[in-house]
Amino acid sequence: MAPGGSALKEALESNSTGVDYEVKMAKVEANSKPTKSGSGSIGKFHSSNGVYELLECPVCTNLMYPPIHQCPNGHTLCSSCKLRVQNTCPTCRYELGNIRCLALEKVAESLEVPCRYQNLGCQDIFPYYSKLKHEQHCRFRSYSCPYAGSECSVTGDIPTLVDHLKDDHKVDMHDGCTFNHRYVKSNPHEVENATWMLTVFNCFGRQFCLHFEAFQLGMAPVYMAFLRFMGDENEAKKFSYSLEVGAHSRKLTWQGIPRSIRDSHRKVRDSQDGLIIPRNLALYFSGSDKEELKLRVTGRIWKEE
């Protein structure tokens, strides 16, 4: 092995504060591409694949952040996985103890790395320890499945989720920017908490989810209809929608901006950001003997200029 490689191994495996910092950085400088000169960029390096792999936890394969732990033989892993493996090194089976890999933490501090959502469109580069915070709010990050009828764990981009809703949840897809839906329930007095996603609308080349829910608002049973946009909040603000329900020369109307599916259906419901219909009024609109819910909700979506 070359002398430089041996020095790097010793530096990465050591947790001693007396190790020469220039030795610890030797391999990084050899395998990393310097950034352009500028404020705050001196001494920072774009990560090469080799250094990047050193920072991947061998158990969960996620990038490691302080405290980075190591066993007496120098094998590293993240603090979360240290608990999962019951303090035993998964590589050599030695007891882990409480040894910090300070050298690797210092190496990470010198790196600038791309966002994990680079393949989805994010082209920004971040200092290693700022990357995680950015990714929690990156506008290119994956979306959660917007289906409201169950706690679905599927995530992905919008085309993936549209196919998932259609194929796995059997949600109706509708082309157009107007809707006219009739809700029928034979036992409305027994429905205290329920949620339905009736359809997904393809409108202006984008997708919108129409929700209808029954829940208690304080002591009053109510129904609520609202729209969510399959995209981020900034894009959602480019659209508006209206909802209307009524009968017997009376009607309720609602106009607003669709919420992004970044906000869960429960969050939208709890904020009361939609058309709210008291159950007694809904049954009045239903006609007949008020024992069956027959509620027609109409509306449209338009694009703000």
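Yeah, the Cβs are placed from backbone N, Cα and C, and that goes for glycine too.
Values in this document were obtained by computation on a predicted structure and should not be read as measured data.
Among Cys115, Cys152, the residue that Swiss-Prot places alongside Cys122, His134, Cys138 at the Zn(2+) 1 binding site is Cys115.
Feature zinc finger, per Swiss-Prot, maps to range 57-93 of the set 20-56, 57-93. Excluding Cys115, Cys122, His134, Cys138 themselves, the residues of that chain whose CB lies within 8 A of the CB mean position for the Zn(2+) 1 site are, in sequence, Arg116, Tyr117, Gln118, Asp124, Phe126, Lys131, Glu135, Arg139, Phe140, Arg141. Taken through DSSP, the zinc finger (110-170) splits into 23 helix, 11 strand, 27 coil. Each of Pro146, Tyr147, Val154, Leu161, Leu165, Asp168 belongs to the same chain as Cys145, Cys152, His164, His169, is absent from that list, and has a C-beta within 8 angstroms of the C-beta centroid marking the Zn(2+) 2 site. His164 (Zn(2+) 2 binding site) and Cys138 (Zn(2+) 1 binding site) have their C-alpha atoms 23 Å apart, to the nearest angstrom. Closest by Cα distance to Cys138 (Zn(2+) 1 binding site), from the binding-site residues Cys145, Cys152, His169, is Cys145.
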